[in-house]
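J.: Before I ask anything, let me first share the structure, which is written out below as structure tokens.
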Amino acid sequence: MKYELIKKQGRARRGQLQFDRGTVETPAFMPVGTYGTVKGMTPEEVKGTGAEILLGNTFHLWLRPGQEIMKLHGDLHDFMNWKGPILTDSGGFQVFSLGKTRKITEEGVHFRSPVNGDKIFMDAEKSMQIQYDLGSDVVMIFDECTPYPATHDEARISMERSIRWAERSRNEFDRQENPNALFGIVQGGVYEDLRDVSVEALTKIGFDGYAVGGLAVGEPKEDMHRILEHTCPQLPEDKPRYLMGVGKPEDLVEGVRRGIDMFDCVMPTRNARNGHLFVTGGVIKIRNAKHKTDTTPLDPECDCYTCQNYSKSYLHHLDRCNEILGARLNTIHNLRYYQRIMASIRKALEEDRFEQFVEEFYARRDREVPPLKDL
């Protein structure tokens with residue numbers, strides 16, 4: 001993987017990630033394909049929304065179908081028939097979200113399989129091995145996602161363990177002679193001094209890119225913005241920056257304003273299945289009775305298959321009848337909406353009018369532009 005920083009405006013960055021499997025224009029949003037599928041979509045449909053890179057889930061694909069089935073096909077690209085690059089998370093967050101059914105030790109994490117209750121152990125080395133078998137173009141280190149809230153001491157202990165696991169991940173990745181990219185993950189909760197320690201340790205180990213982890217786990221938005229403003233300027237300028245598990249459309253804009261290049265989130269797909277659809281002016285809840293007789297498209301500005309062919313009335317009808325097509329059409333629209341936002345951000349950066357884009361983005365939602373700490 002090669003990263004090229006093409007242009008900057010303030011902290012916002014316009015760049016390119018070059019992989020053997022294709023080029024990804026940044027800032028980029030990655031749809032989430034947890035089990036080797038973006039729910040309800042064929043790979044061609046996902047590509048049709050403008051997505052150039054997908055996220056796969058190491059933890060879930062390890063439990064089902066498992067490494068052996070993956071190797072029978074070649075790798076995850078062959079298994080799911082996605083021709084572009086794939087980033088896989090390390091499984092750290094999924095293990096973290098198992099709650100009381102897991103036990104974290106210095107070696108790794110002991111837990112019971114959510115599939116069949118079997119006792120399972122995962123560590124940095126195992127995560128690297130699974131991601132190697134998946135053929136991931138971007139491999140994430142195995143880390144511990146610091147919960148929120150956490151005391152300074154709890155966040156410190158968690159962050160220090162993540163650093164040791166990062167080193168083990170790096171060593172195993174190098175031992176495999178894996179030709180792909182390995183990203184480090186900055187932890188430290190909402191504490192700036194801990195983020196400093198994490199950044200320093202990770203940059204010393206050396207990675208192909210750096211993720212900011214442990215955000216969007218329940219902390220106030222102001223804390224997320226503060227940590228990004230503090231952390232991003234310390235990360236190497238010539239490496240991509242990835243904000244994990246984020247987020248709402250405004251979170252993408254705010255992340256880019258603070259120097260982030262890559263995002264992923266289940267929100268566009270999950271919300272689509274629940275009938276919450278993103279449009280230029282905000283959100284439409286297609287379930288609401290007022291859409292029953294509305295023959296207009298979801299968003300007159302949207303060029304997606306759904307908006308070009310169907311009315312709100314039809315989508316309301318499909319939702320009320322729990323038709324699979326409704327979830328599919330909604331997902332196509334939401335994924336395209338997210339890709340349109342990213343394309344608009346990239347164009348605005350190319351044309352040196354990103355600040356104007358931000359003002360217009362919030363004006364259409366009748367909201368104030370959130371404050372940004374001076375450079």
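Placement of Cβ uses the backbone N, Cα and C atoms for every residue, glycine included.
What Swiss-Prot records for this protein is below:
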BINDING   D89, S90, G91, G92, F93, D143, Q187, G214  substrate binding site
ACT_SITE  D89  active site, proton acceptor
REGION    245-251  region 'RNA binding'
ACT_SITE  D264  active site, nucleophile
REGION    269-273  region 'RNA binding'
BINDING   C302, C304, C307, H333  Zn(2+) binding site
J.: Which state, by DSSP, holds Q187 (substrate binding site): helix, strand or coil?
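T.: Assignment for Q187 (substrate binding site) reads coil.
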J.: Looking at Cβ-Cβ distances, which residues of the chain lie under 8 angstroms from Q187 (substrate binding site) while being 6 or more apart from it?
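T.: For Q187 (substrate binding site), the qualifying residues are D143, E144, C145, T146, A155, S158, M159, S162, L194, R195, S198, G213, G214.
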J.: Among all chains shown, work out which of the binding-site residues G91, G92, G214 has the most CB atoms within 10 A of its CB.
T.: G214
J.: Within 10 Å of each Cβ, count the other Cβ atoms, then let me know which of the binding-site residues C302, C304 comes out lowest.
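T.: Selected from the binding-site residues C302, C304 on minimum Cβ neighbours within 10 Å: C302.
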J.: How far is it from G91 (substrate binding site) to C304 (Zn(2+) binding site), counting Cα to Cα, in Å?
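T.: Between the Cα atoms of G91 (substrate binding site) and C304 (Zn(2+) binding site), the distance comes to 33 Å.
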J.: Need the DSSP three-state call for F93 (substrate binding site) to compare against my parser.
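T.: For F93 (substrate binding site) - judged by DSSP and reduced to three states - the answer is helix.
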J.: Far apart in sequence but close in space: which same-chain residues, 6 or more away, have a Cβ under 8 Å from F93 (substrate binding site)?
T.: C145, G213, M244, G245
J.: Roughly where does the region 'RNA binding' (269-273) sit in mean pLDDT, to the nearest integer?
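T.: Averaged over the region 'RNA binding' (269-273), the predicted model reaches a pLDDT of 99.
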